[in-house]
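Asker: I'd like to ask you about the structure that follows.
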Amino acid sequence: MTIHRTPTPITATARALHETATGHGRADAAELVSKPRRGRHGGMIVAQVFLILLTIGFLAPVVWALLSAFKPANDIIRAPLSFDPTTFTLDNYTAMFEDVPIGSGFVNTGIVLLVKGTITLFCAPLAAYAFAKYDFRGKNLIFGAVLVTLMLPTIVLIIPLLLEMKQLGWVNTYQALILPGAVDAFAIFWMRQVIAAVPDELLDAARVDGCGEFGIFWRVVLPVIRPGIAGLAVLTLMNIYNDFVWPVVIASSDARATLQVVLSTLAQNITGNRIGADYATVTGELLAASSVALIPLLVLFIALQRHFINGILAGSVKG
Amino acid sequence: MSTLIAPRAKRPIITPARKRPMTAARAKRGLAPYLFVAPFVAIFLAFSIYPLVFTARLSFTNWRGSGAAEWVGWDNYTYLLGNSGFWGSLANSGVLWLLIIPAQLVIALLAAVLLDNAKLRLRSIYRIAFIVPFVTPLVAIAQIWVVAFDQNYGAVNSVLNLVGIPDIGWLTTSEWSKPTLALLFIWKTTGFIVIILLSGLQSIDSSVYEAAELDGSSRLRTLWSITVPLLRRTIMFAVVLQTLAVFQMFAEPFVVTQGGPYNSTTTAGYYLYNHITRGDLGTGAANSFLLVIIVMALSLVFVRLLRAKD
């Protein structure tokens, strides 16, 4: 009756075993792939049903959107569940490409990704290396500030940042899209955790071999933390690609609008115009635009899923 | 030999001739960390700290975006603390937290434990399913949510009609708007939580489970009395992350509900934005700091809970 409350002998032995057996070595991320464990068949069916239901829940909205974008706009709202291959149409896509500057949205997103991503991937590990492996004046102060900004809602800074951009004359420019948040607090925090796990002996050995301080970072630390860097790359790519609050504020002109800005501008049409004949057309265009926006990342991540998961695992905390 | 491995060890015997290059090297090393953090600090000062300090000063004024700012002391803060809209937004976030976190943790924990088993069939398909929401752009899925949860034309109500449930005003009634938003949040973020929990599970030695099995512990009991306690730190990490995210939640209501109907989805993060659109920048700034304090306090509570159990 008191299963959940009292620590039984079972849990006590098990925990003791855990504490002595695990030591501190982190399991290599690749071990995710193979870890034999007890297999009793009874609960397995329940487990599979649970996972299949979850899978359907997770995939259904996306699959529905991808399929519906190929339906005639009126059918999307009249019969949202049906899919009739004979009525397959590209009308939503052609209408969307005509009405919306989605091509330039891709180009702008690409430029921001390339520059901002490079800055993040270089500066964040470098700074995190200093935080993890050196003692220097002001370290705790700066790192404390990093932790505080981690808890800051992003919109807090939007007004002062916007004013700052106006003063600099940077409204609707690439630098305004790129520089704020180029090295975000989370990246520093996360990379520090990854680099802290690199043994000091490795760095000292390189130092003895005559390696310069930057050389140690470049030739010793970076190669060792490659999975962590891959994880950071993935998260950064995703954050930049999906970011829209700041871009909507700072780059609303067609010439600089990123993909997400284009998409959310289109979305304003639908929420501002719920009823009427237009609703179907806008819905169709919206689903087409959403599909176009999510396909590149989807393909990329399904192709790279193992690196993706292992990269994130490399930066997470231990149990 | 030990000096080779640990050059930092101080040795009084070293002759001055050897000492000079050592200190030069040490001086160089002393400069290195400053150079390493410099690019980050430059960007951080210009685009995080400067605006932050600006917001801090703003929170004590009644500035509306132009003209002279008048110093009003703590007025903005006291106004908010006595304002039902402010507390209402916190309550909305609190309700969303209750709708999201427990359900998400249970789902994610079960999924992670199951996915940790290498013998699981269809494992790679499940992993893809968990990643898909995580990489889907929020704006895109929010649009899909708006279309699919539409009261009259939406796919969700069509499915429910099939089993005889009448239309539900997912986005148009204040009872259903929060669950609809919570569902979007759970859909979008559960995959990430599963990955975090998986990383925790990996550091649990499998001999623990073998011991439990030898002792005749049932599966659910093993999960509850062994896995969960050993995973406590990882679970807390996930809870803190998600708490921050829920209380700062802005983009979801911004795209899907605009805070409505009847402010039922005006989250703490969205309420903040309302001041800004009204041009009431001083109050907006004060509101952000109150929110930061609340979020920090909540995180500290969770960290304390974690410590107390250690």
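Glycine is no exception: its Cβ is also placed from the backbone N, Cα and C atoms.
For reference, TrEMBL lists these features for the protein:
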| type | residues | note |
| --- | --- | --- |
| DOMAIN | B:90-302 | domain 'ABC transmembrane type-1' |
| TRANSMEM | B:31-53 | transmembrane segment |
| TRANSMEM | B:95-115 | transmembrane segment |
| TRANSMEM | B:127-148 | transmembrane segment |
| TRANSMEM | B:181-201 | transmembrane segment |
| TRANSMEM | B:230-251 | transmembrane segment |
| TRANSMEM | B:288-306 | transmembrane segment |
Asker: With a Cβ cut-off under 8 Å, give me the same-chain residues at least six positions beyond the ends of the transmembrane segment (B:181-201) that come close to it.
Answerer: 96, 99-100, 103-105, 107-109, 111-113, 115-116, 130-134, 136, 138, 141-142, 145, 227, 231, 233-235, 237-238, 241-242, 245-246, 249, 252-253, 256-257, 265
Asker: At a C-beta cut-off of under 8 Å, are there same-chain residues at least 6 beyond the transmembrane segment (B:230-251) that contact it? List them, or none.
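Answerer: Distant contacts of the transmembrane segment (B:230-251): 93, 96-97, 100-101, 104-105, 108-109, 138-139, 142, 185, 189, 193, 196-197, 199-201, 204, 208, 267-270, 272-273, 291, 294-295, 298-299, 302-303, 305-306, 309.
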Asker: Taking residues 6+ outside the transmembrane segment (B:288-306), which of them lie with a CB under 8 Å of any CB in it?
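Answerer: 55-56, 59, 77, 80-81, 86, 90, 232-233, 236, 239-240, 243-244, 247-248, 268-269, 272.
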Asker: Going along the chain, which residues at least six beyond the ends of the transmembrane segment (B:127-148) come within the CB cut-off of under 8 Å?
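Answerer: Beyond its ends, the transmembrane segment (B:127-148) has Cβ neighbours at 111, 115, 154-156, 171, 180, 184, 187-192, 194-195, 251-252, 255-256.
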